[in-house]
Amino acid sequence: MEGESFFASPQFFSLTLYTIGLFSFPINLFGAYCIVFQTPESMKSVKWSMFNMHFWSSFEDITVSLLVQPYLLKSTWAGIPYGILKEFHVPLTLQAYILSTSLCMLAVSIITIFENRYFLLFAEHTWWRFARRPFLAINYTLAILYYVPTVLSAPDQTSARAVTFKEFPEFRKLDTPENPIYVLVLDNPWVSARQIAMEVTYLTEALSLVFLLKYNMKNATKGVKMSENTSRLQKAFLKALYTQTSLPFMVILVPSVVSIFSGILEISTQSVNNLVYITLSCHGLASTTVMLLIQKPYREFCLGIVGKSKRRQKITAISTISRRSVVTAF
């Protein structure tokens with residue numbers, strides 16, 4: 001399109017997302033199994049908040065790579081879905097809502113797991129025990145309702161497409177009766193403002209909870225409020241948790257920032273747009289892989305599986321050699 005490379009094409013975009021989705025799905029499923037069945041008793045208090053985060057991380061993966069596949073057109077709030085939901089004629093407004101809400105729920109689930117650790121370690125007997133439920137309820141409610149105004153204010157599609165095609169005539173050849181271009185926003189700066197405000201809010205909450213955890217952990221060790229062994233175990237777990245969430249979190253944050261400001265500055269290209277959502281579709285895979293490598297119980301379980309597999313191969317090899325030896329002897 002418009003002289004751009006194959007990497008900007010819908011065909012490359014859709015094929016890449018399907019490949020990522022089909023590859024990441026079994027890995028995410030295995031990660032869910034590890035959390036549910038391989039979480040030790042010592043991590044029981046964080047088990048379901050970890051599962052909650054893993055669920056939304058995996059759901060976001062599936063939504064971007066398989067269900068919706070949002071092929072957003074450069075410098076616009078318009079796009080074409082190429083995912084599975086299109087085949088079932090799911091309304092485009094609902095697809096847009098599912099996509100955006102899944103990202104918000106993922107961000108809230110990350111905040112929830114940090115809040116869980118902070119509450120159980122340092123705030124169980126403070127005023128926070130009364131404030132935490134409203135805090136979490138407000139976060140989840142905002143995540144569910146955040147994109148409703150944007151969806152409800154979507155413009156009339158016939159006139160909106162006409163305006164879009166006038167400015168970007170090259171998009172016409174992508175528009176078909178079976179899968180028309182959907183214009184979600186047309187000259188509405190409040191959408192970008194709401195998106196920036198929501199991202200800043202979630203990032204501020206997450207960083208505040210991380211700061212409180214680090215600060216209180218340091219004071220608890222100094223004041224001997226926590227035994228050295230307990231402190232060591234908690235620090236190791238929190239370090240693994242920071243790594244598990246921060247690296248994949250950047251997979252979401254960086255593409256989102258690039259997407260917002262390239263649109264505002266009108267410097268986006270179709271290749272960059274494609275790369276943003278291809279990167280987003282890798283979040284769950286990155287999060288699950290980091291979890292399996294960093295969290296000790298899951299890492300040991302995986303190493304145990306590999307070890308058993310290697311032992312089986314060795315036993316099979318020895319058995320084969322033995323049978324050959326017997327045959328040779330006769």
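Backbone N, Cα and C define each Cβ position, glycine as well.
Look at TrEMBL and you will find 12-36 (among others) tagged as transmembrane segment.
Annotation comment: TrEMBL describes 48-72 (among others) as transmembrane segment. Same-chain neighbours of the transmembrane segment (48-72): 10, 13-14, 17-18, 20-22, 24-25, 28-29, 31-32, 35-36, 39, 78-85, 95-96, 98-99, 102-103, 105-106, 108-110, 112-113, 116, 245, 248, 259, 273-274, 276-277, 280-285, 287-288, 291, counting only residues six or more beyond its ends whose CB sits under 8 Å from a CB of the stretch.
Feature annotation from TrEMBL assigns transmembrane segment to 92-114 (among others).
Summarising the annotation, TrEMBL assigns transmembrane segment to 135-154 (among others).
Summarising the annotation, TrEMBL assigns transmembrane segment to 236-263 (among others).
Positions annotated as transmembrane segment by TrEMBL: 275-294 (among others). Remote same-chain residues near the transmembrane segment (275-294) are listed as 13, 16-17, 20-21, 23-24, 27-28, 30-31, 34, 50, 53-54, 57-62, 64-65, 69-72, 103, 106, 240, 243-245, 247-248, 251-252, 254-256, 258-259, 302 (criterion: CB distance under 8 Å, separation of at least six residues from the stretch ends).
Within the chain carrying the transmembrane segment (92-114), a Cβ under 8 angstroms from the stretch's Cβ atoms is held by residues 46, 49-50, 52-53, 55-57, 59-60, 63-64, 67-68, 70, 81, 83, 85-86, 136, 139-140, 142-144, 146-148, 150-151, 154, 182, 184, 198-199, 202, 205-206, 209-210, 213, 241, 245, 249, 252, 256, 280, 283, all 6 or more beyond its ends.
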